């Protein structure tokens, strides 16, 4: 384990950037049509319960990451198995988000650049960040947090000022009832992005203010949940539920509607910045968690030594993962949710918590 | 540092030079053809004809410096034919020496024949292309092809596409019989069952052949002129009718698009004697259910001044003003009711009343949705309530007429 320290504030900012990550630019939970903001808020509420599970596990074992205490809870053999699965899961999700990022940039801004080049450039940056360690990443996070918020506020104000928002587009609320909303909550918004906070179980031991971990995590989940819900509601109020559900990037379409006095227009660059910053932090956190998890599991003292092989693996995996964008998205929504998110974000942590609670009561 | 590290450092720097410059697919300004307007038509054998109005950058800049007119022509027109828009656009490269670049396309013109056949499939390419903006204005070329409408030189705004867009925006703002509709709004209307497409048309008047030449802008009265024409009413993506004059303005009232306009009311036996200038207006549309049948209420609020009186009229008297306000309210109400009836005859819900019902009564809407345009909309009961306020009377109160 690295000997570094994060403050609760850094954890909060890192979690915010992580949660916004790609979620703010992709059509998150749009199957709920105009009720998507409700689906996000419900996902947020349930996500903060899930976070409580991760936090309780941390309070039992405050000095070691998830991959270590899984071994303490269910024994070395099964614990190592679980740890390995999680390491692979983090690296796989890092590859998925990297692919997302590359595809998004490719569709919109760099149609003639090969995917591999974009992904490789991004991955090199991320590998460098991971090499420097979590403390550097967290400090960069503090900088970019302010920057991203400035852009977000600017974007919001501009969209409101331009007057392209039509609140009526959000009606009828609950057209198909709560069923459609909860279907989206339990198949999408709970896991991405809120359940993905599981990756922070690898980072909690670095935080020097242990008492503040819970509140920092919760605040991050709530703030990002509200922001995401607001953003999706804004997208719908500007371009309509139908266009949002057909769009590859609803936020981009919304930003393109900004036209002020024939000179302040084409603000797509705001969208690009949000995409790159969010993508960078999301992939970095996953990748870093995967790397230190592997280092922890295989007892390697310097995690830096794993960065090149694992980075290369993530990069190649991100290319090999799917033949086209549709396949990639479909896999993400169906297979990954059922076979990875649900067991790894919900089932295993809850089981581990139950066992840990029983064990620690007897101890 | 050792020599080995220095070498490594240099290699990294060199890699950065290639990566950071970001010139993977660079396009120099001189390699791009800026398409300012796109015209769409169909040939007899069902192929698309795409017309590009391409800016001639040198001549635009030169024209403003020299005071206009003396240089070359500010835009050039190209056409290309293909089975679909992407094919036509790419085939255009046979005639244009530069890359056809759509990021500055602000206008899409649809030929009347194509509009009648249906515009359902032309917007997909526009929506899908990352260069193209859905904020581009869309108009129908009235009684001609899009190509003909785009092949005319205009005197005041050198670029014909700008002339069309600016005219449309200005007339929508101060007169209110035409609509500046964006591609995004059209796509939304095409995707909703409770709303149909409506957009403005433009017409070319005069000598088409002279209109193409520099001569057109060297005459005090151009040989060929562009002007905004009637509103085109679509149903399921097909052009089915035209709405003009006061009916068109009535449509804009309902759509909450009126910002300023002028209307006249009768006063003491004299027809159209007092002119009211609307300076601000706001419309709200609300749906209600009355024993299972939908009722739409349109609330209009207008604020404005007196612009002209053709009869002796004491505007210092508030009771007279109140009387005038009442007359104005009736006039607007009449205009709007007439427009609604006119549109109901076309059986196409361009007002989006269906969407208003959908939003307030989603369950009831499910039953009405399928036969909305045929059964419900033509017989829909629409209540119009107008509140008009006369705020000021200009620089005079009483008229010099006695």
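Quick reminder: no glycine exception, Cβ is built from N, Cα and C everywhere.
Record features, source TrEMBL:
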TRANSMEM  A:12-30  transmembrane segment
TRANSMEM  A:36-57  transmembrane segment
TRANSMEM  A:77-95  transmembrane segment
TRANSMEM  A:115-131  transmembrane segment
TRANSMEM  A:143-165  transmembrane segment
TRANSMEM  A:185-207  transmembrane segment
TRANSMEM  A:219-241  transmembrane segment
TRANSMEM  A:269-294  transmembrane segment
TRANSMEM  A:306-326  transmembrane segment
TRANSMEM  A:338-358  transmembrane segment
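When the stretches A:12-30, A:143-165, A:185-207, A:219-241, A:338-358 are ranked by Cβ pairs under 8 Å to the transmembrane segment (A:36-57), first place goes to A:185-207.
Within the chain carrying the transmembrane segment (A:269-294), a Cβ under 8 angstroms from the stretch's Cβ atoms is held by residues 1-2, 14, 17-18, 20-25, 65-67, 83, 86-88, 90-91, 93-94, 97-98, 100-101, 104-105, 109, 122-123, 125-127, 129-130, 134, 137, 141, 144, 147-148, 151-152, 154-155, 199-200, 202-203, 249, 251-252, 255, 300, 303, 306-307, 310-311, 314, all 6 or more beyond its ends. For the transmembrane segment (A:115-131), same-chain residues at least 6 beyond its ends with a Cβ under 8 Å from one of its own Cβ atoms are 98-99, 101-103, 105-106, 137, 140, 279-280, 283-284, 287-288, 291, 303-304, 307-308, 311, 314-315, 318-319. With a threshold of 8 Å between CB atoms, the same-chain residues lying at least 6 positions outside the transmembrane segment (A:185-207) that come near it are 1-2, 4-8, 11, 14-15, 18-21, 23, 28-29, 31, 39-40, 42-44, 46-48, 50-51, 54-55, 57-58, 62-67, 90, 93, 134, 213, 216-217, 221, 224-225, 228, 285-286, 288-289, 292-293, 333, 337, 341-342, 344-346, 349. When each of A:77-95, A:219-241, A:338-358 is checked for Cβ pairs under 8 Å to the transmembrane segment (A:12-30), A:219-241 comes out on top. The list of residues near the transmembrane segment (A:338-358) in space but at least 6 beyond its ends in sequence, with Cβ under 8 angstroms from a Cβ of it, reads 50, 53-54, 56-57, 60-61, 69-70, 73-74, 82, 85-86, 89, 92-93, 191-192, 195-196, 198, 201. Under 8 Å from some Cβ of the transmembrane segment (A:77-95) lie the Cβ atoms of residues 66-68, 70-71, 196, 199, 202, 283, 286-287, 289-290, 293-294, 296-297, 310, 313-315, 317-318, 321, 340, 344, 348, 352, all in the same chain and six or more residues away from its ends.
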